[in-house]
Each structure stands twice: as structure tokens, then as C-alpha cells.
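Notes for the one structure printed next.
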Amino acid sequence: MPLAQLVDLWPEVELVHEDTENGHGGPEDRGRHTSKDEVVVKEIPITHHVKEGAEKADQSHFVLLKVLGQGSFGKVFLVRKITPPDANQLYAMKVLKKATLKVRDRVRTKMERDILADVHHPFVVRLHYAFQTEGKLYLILDFLRGGDLFTRLSKEVMFTEEDVKFYLAELALGLDHLHSLGIIYRDLKPENILLDEEGHIKLTDFGLSKEAIDHEKKAYSFCGTVEYMAPEVVNRQGHSHGADWWSYGVLMFEMLTGSLPFQGKDRKETMTLILKAKLGMPQFLSNEAQSLLRALFKRNATNRLGSGVEGAEELKRHPFFSTIDWNKLYRRELSPPFKPSVTQPDDTYYFDTEFTSRTPKDSPGIPPSAGAHQLFRGFSFVAPVLVEEDAKKTSSPPVLSVPKTHSKNVLFTDVYTVRETIGVGSYSVCKRCVHKGTNMEYAVKVIDKSKRDPSEEIEILRRYGQHPNIITLKDVYEECNSIYLVTELMRGGELLDRILRQKFFSEREACSVLFTVCKTVEYLHSQGVVHRDLKPSNILYVDESGDPESIRICDFGFSKQLRAENGLLMTPCYTANFVAPEVLKRQGYDEGCDIWSLGILLYTMLAGYTPFANGPGDTPEEILARIGS
């Protein structure tokens with residue numbers, strides 16, 4: 001891949017060390033420094049020449065759909081373009097108020113726009129348009145439906161080494177490309193790594209990036225998130241692209257362990273730890289992972305892996321990445337470890353409902369100071385691919401029958417009328433309900449939030465509910481104490497009721513049912529999902545025909561998506577009659593527990609009773625004794 005020539009694009013800029021967030025002395029006060037009230041930053045003209053076409057964009061070309069996020073400088077919206085050549089395309093629109101930006105932050109914003117306009121890489125977010133009004137700046141970016149890596153990390157606490165290896169490998173290619181353009185990223189952290197709908201990463205938020213350095217030049221400004229700062233950034237000795245590889249190591253450590261390597265009780269202590277503390281290496285990590293971390297956590301930047309003239313090539317040769325095919329990775333031919341469960345084009349499941357529930361409104365910006373107009377001259381930008389594209393006719397994306405999580409101010413009873421109870425479980429109750437607008441009948445599972453977190457069940461149903469033999473999730477509502485899962489109504493009742501009515505099934509009947517169930521379980525296992533509670537009462541018929549093809553596997557309340565390094569699960573969830581012995585022993589279990597349950601299911605259909613019949617008060621030890629006898 002040809003690389004851009006390094007040129008000095010910022011010859012007039014001197015970003016004198018910016019203030020820290022507190023007034024502590026110590027390591028953060030070393031070197032060149034300005035006081036909190038004396039930020040010295042020179043305003044600079046835009047020097048980039050971006051191909052601009054007749055199709056310049058403005059805010060009237062976009063319809064606001066949702067709020068994705070909000071900060072002190074402005075908001076990020078989900079928007080739909082309504083003018084050609086890309087009508088109906090969804091984007092993320094970053095809106096920054098000029099009047100609330102300090103001069104320093106205005107420079108950063110302009111840098112972000114210039115960097116994004118120049119960078120074209122599969123693992124870096126793409127800028128499509130940039131424009132301004134009297135009071136605001138607008139960046140139109142890729143809308144990445146998978147949310148950020150921080151959200152996924154906070155949910156899973158820590159990742160497997162294989163997961164981490166994949167994310168780090170894609171990240172290394174993205175960082176290496178930025179470095180080849182003379183850009184230091186300087187703010188590498190999980191919040192700035194987004195996931196697209198396939199699960200591939202995209203680097204975003206270039207507000208702290210420093211452009212146009214080469215390996216002989218250094219930046220001196222104090223910036224970034226303190227826990228991810230390299231020692232040379234902390235002590236202001238000057239830093240180059242090697243600072244990003246230290247942050248890369250911090251990110252690796254956090255993903256593998258669920259904690260940060262250097263974190264004190266406050267900012268000052270954290271910085272002291274970064275400069276002086278010995279790294280506590282978790283011994284559960286592989287030798288290769290430990291070796292890579294040690295190579296990245298070199299306090300002398302010249303000795304740090306990736307900091308030499310070879311850059312990321314050094315890192316790519318490390319044994320930790322021995323299984324990565326870098327060419328296939330760059331072409332996005334390797335499957336990500338996690339695919340976000342998004343099917344609607346405007347799905348915001350992975351974004352904070354605190355923001356997505358708000359009414360999207362782009363309020364008028366306060367006019368900025370006169371000097372800001374000069375600073376943002378030339379800010380407008382249209383992606384060349386859009387300029388060159390013919391005004392193609394694009395149809396609106398199809399509206400799919402997939403669930404949305406409604407905000408807490410929309411009540412389930414506002415939309416549905418609740419009817420009789422269908423079934424009662426340990427953590428939930430199932431009722432029939434009727435949609436007030438369409439008069440269509442559905443089932444609703446009402447889950448007590450204080451007893452169980454249904455997020456895994458919702459995610460599995462959202463992702464795999466389109467399978468013909470898995471119950472379809474229609475809607476999700478969240479209220480103060482309950483979650484409402486609206487599904488298709490199973491009018492044919494449970495397989496258990498059918499067995500009880502007939503006493504037992506013929507071999508032909510049992511074979512047909514088991515074939516359909518096995519096909520569905522095989523599909524779930526191929527997707528890394530273990531049901532963990534297969535039994536006749538969780539297998540229902542969608543209608544009265546009794547056709548095995550009308551069977552739906554339901555109740556994914558105990559289900560789990562396999563994520564452990566060895567693929568085994570340790571959480572004991574079961575229905576006693578159908579539970580596998582390895583579940584009772586808590587020895588770790590995988591898809592095999594579902595296969596055991598299928599055997600119990602077949603026995604029950606043929607015999608009319610379970611092979612290891614038990615009373616309601618039986619302990620796991622008593623059930624195991626029967627299984628082993």
C-alpha cells in the first residue's frame with residue numbers, strides 16, 4: 001500500500017504544554033508548563049487542499065433521527081441524508097459549538113477534520129462531509145452500529161486472548177497507517193475504538209492527534225487520558241509515535257485483565273505510578289501475551305516495541321500474533337470474534353439509552369468570536385467518492401421486523417393491552433397481549449429486573465430470532481422494575497402438553513420432532529450459543545397443526561454465548577430433569593450439555609416420563625446419584 005510522503009504541514013504551530021486538570025505538583029509539573037489561565041496556542045490557517053465539488057453539504061441535507069452522545073462541546077446525532085448522490089444513507093453527525101470551544105479546542109477540531117479528510121483506511125472512521133454555520137461545525141462520519149469497545153468491555157469485564165489478539169491486530173494496522181502519515185494518535189482508549197456492524201474496529205475521535213511529525217521530531221503538549229499516557233507524555237520530555245504503542249499496551253492489559261495497569265486514587269498518583277511503578281504481570285496470561293506487554297511497557301521510548309524505524313512491522317513479527325494472516329486481516333477477510341446483534345439500519349442498541357431516548361434537536365449555535373471565522377476558513381469538505389459518484393437512485397432501507405428497546409418514558413401498556421397469564425417462571429411471567437394499533441395478538445414475557453438481567457437473552461433473540469424454528473422477538477420495553485419481551489404467540493401450546501395428552505409419541509413422531517429441534521440446536525451451536533434449558537415446556541408449536549416444522553425453541557433465559565477461552569461455561573443454570581452431569585458437578589460445560597438434554601427429550605417423548613425422575617426437593621447430588629446408578 002503506497003504511503004503518503006511526510007511533510008511539515010504545521011510549521012507555525014507551537015502547542016505549549018496545556019494545563020492539567022488539577023493544580024497538583026509532582027511529575028505533571030515537570031518540563032515546560034503554562035498555568036491554568038495561560039494557555040498559549042497559536043491559531044493556524046487550514047493548509048490542506050481537499051477536493052470539493054458542487055455538492056457541498058449543509059445541515060438542511062440531513063434529517064436528525066436520534067441522539068447518539070453528548071459532551072461539553074456539542075452532540076453526536078444519527079442522521080439520514082435526504083439529497084443525492086447518497087440519499088437515504090445513514091451517518092453520524094458530530095456537531096460542535098464554536099462559541100464553547102477554547103482556541104486550543106478549535107485547533108483540535110480543525111485537526112480532526114483535516115486528519116479524517118486525509119486518512120483512508122479500513123480501520124479508521126471515514127469523514128464524508130464537513131461544513132460550518134456561523135455558530136457550529138459539522139463533521140459527517142460513518143455511523144458504526146456496534147457502539148464502542150468500552151461498552152463491550154464493561155459488559156464482559158475481560159476478553160479472551162484470541163479476542164484481544166484480533167482487536168489488537170486490526171488496531172495495529174490502523175495506528176501504523178496513521179503513523180505513516182505523520183500522525184500521533186495520542187488518545188488511544190476503548191471509548192475511541194468503535195465497532196461496525198460486522199464487528200471490525202474503527203479508530204475515531206482525532207481531537208488530540210498531532211500531525212506532521214517524523215521519527216526525528218517530537219510533540220510536547222500534555223494531552224490524552226491520563227491512565228493511557230506514556231511516561232514521556234507525563235514528564236513532558238517530548239514524545240513521538242512511540243507514545244501510542246505504550247497506550248496500545250495499556251489497552252491490551254485492560255482487555256485481558258479487566259483493569260488498568262497503572263491507576264492511583266487520583267490523577268497525581270496515577271502519573272507517579274506510570275513513571276515509577278513496577279508492572280504487576282498477571283500469571284494467568286500466556287507467555288506470548290506477557291512478552292508482548294513487557295515489550296510495550298518500556299519506559300524508555302527508544303526501546304519500546306513499535307517505536308523504531310520499522311514501526312508496526314516489529315510488532316507484527318511478535319509471537320503473540322503468530323496466527324494472524326495480516327494480508328487477510330487488512331482485507332477484512334478474518335471473522336471478528338463478536339458480531340453486534342444489529343439488523344435494522346438505524347439500530348442504536350449499543351448506544352446509551354440516556355442519549356438515544358432524547359428528542360434529537362440541533363439548537364442554533366451562539367455566534368463565535370470574530371477570530372474563529374478565520375480559524376475555520378476552508379473547513380467545508382465533501383468526500384471525493386461522493387463528488388465523483390453519479391446521482392444514483394437509492395431506495396430506503398427495508399424496515400425489518402426486529403426489536404427496538406424503547407425508552408423508559410414509553411410504557412408497555414401504552415401500546416399493548418394485557419390479557420390472561422400463559423405461564424409462570426422463576427423470574428418472569430408470560431401473558432397474552434394485544435397491540436392497540438393493529439389488534440394483533442402476541443405473547444409478552446415480563447421479567448423482574450431485580451431477579452435477573454435479561455440482556456443476554458435479548459441479544460440472542462435479536463440476533464438469531466429470524467431462524468424459522470426460534471421464537472421471534474418483536475419488541476422490548478423497559479420500565480422501572482420490569483423488562484417486557486414481546487414475542488410471537490405460540491397458539492399450538494407446549495410440546496410437553498402434547499406428550500401428556502398422547503401419553504407418549506410413536507418413534508416416527510418423536511423422530512420428526514427431534515430432527516427439527518436438532519437442526520435448530522446445531523444452528524445455535526454453530527453461532528456459539530448454548531441454550532442450557534432444553535425441555536418439552538420450552539419447545540412450543542406456533543399453531544394447532546402439530547407439524548414439526550411449526551416448532552419454536554423458546555425461553556432463552558438460561559442461554560449463553562460462549563466466550564471463555566476454552567469455550568466452557570461455569571454458571572450453573574438448569575431444569576433438574578434435563579440437566580447434564582457436568583452441569584451439576586460445575587466442572588465447566590459447553591454445547592455437550594444441550595446434547596445430553598436432547599437425549600433426555602427423546603427418552604421422554606418415547607416413554608412418557610423422564611429417565612431420572614425426581615421430586616421438587618432433590619439436590620444435585622441426589623440427581624447425580626441416579627444418573628450414575
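Glycine is no exception: its Cβ is also placed from the backbone N, Cα and C atoms.
Secondary structure from DSSP puts Asp187 (active site, proton acceptor) in coil. Sequence annotations record features per position, and here Swiss-Prot assigns active site, proton acceptor to Asp187 (among others).
Taken from Swiss-Prot, the feature active site, proton acceptor covers Asp533 (among others), and the record attributes it to similarity to another entry. Of all the Cβ atoms in the protein chains shown, 22 others lie within 10 Å of the Cβ of Asp533 (active site, proton acceptor).
Per Swiss-Prot, the feature ATP binding site maps to 68-76, Lys94, 422-430, Lys445. In sequence order, Thr421, Ile422, Gly423, Val424, Ala443, Val444, Lys445, Val446 constitute the residues six or more apart from Cys430 (ATP binding site) in its chain with CB-CB distances below 8 Å.
Looking at the domain 'Protein kinase 1' (62-321) alone, the prediction's average pLDDT is 80. The domain 'Protein kinase 1' annotation in Swiss-Prot covers 62-321.
Under the heading domain 'AGC-kinase C-terminal', Swiss-Prot lists 322-391, citing sequence analysis as support.
The annotation domain 'Protein kinase 2' is assigned in Swiss-Prot to 416-629 on the grounds of sequence analysis.
Among the features that Swiss-Prot reports, phosphoserine is placed at Ser221 (among others).
Per Swiss-Prot, phosphothreonine is recorded for Thr359 (among others), and the stated evidence type is similarity to another entry. In three-state terms derived from DSSP, Thr359 (phosphothreonine) belongs to neither a helical nor a strand segment and is classed as coil. With a 10 A radius on its CB, Thr359 (phosphothreonine) counts 7 other CB atoms from all the protein chains.
The phosphoserine feature in Swiss-Prot is assigned to Ser363 (among others); the stated evidence is similarity to another entry.
If you look up Swiss-Prot, you'll see Ser380 (among others) marked as phosphoserine.
Annotation comment: Swiss-Prot describes Thr571 (among others) as phosphothreonine, evidence class similarity to another entry.
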Cα-Cα distance linking Tyr427 (ATP binding site) and Asp533 (active site, proton acceptor), given in Å to the nearest integer: 14
Chain-internal residues, separated by at least six, CB under 8 A from Lys94 (ATP binding site): Gly74, Lys75, Val76, Tyr138, Leu139, Ile140, Leu141
Reduced DSSP assignment, Tyr427 (ATP binding site): coil
Distance [Cα-Cα, Å, rounded] between Leu68 (ATP binding site) and Thr359 (phosphothreonine): 11
Sparsest Cβ surroundings (other CB atoms within 10 Å) among the recorded positions Leu68, Gly74, Asp187, Val424: Val424
Distance from Tyr427 (ATP binding site) back to Thr359 (phosphothreonine), taken between C-alpha atoms, in Å: 33
Three-class DSSP secondary structure - Asp533 (active site, proton acceptor): coil
Distance from Tyr427 (ATP binding site) back to Asp187 (active site, proton acceptor), taken between C-alpha atoms, in Å: 43
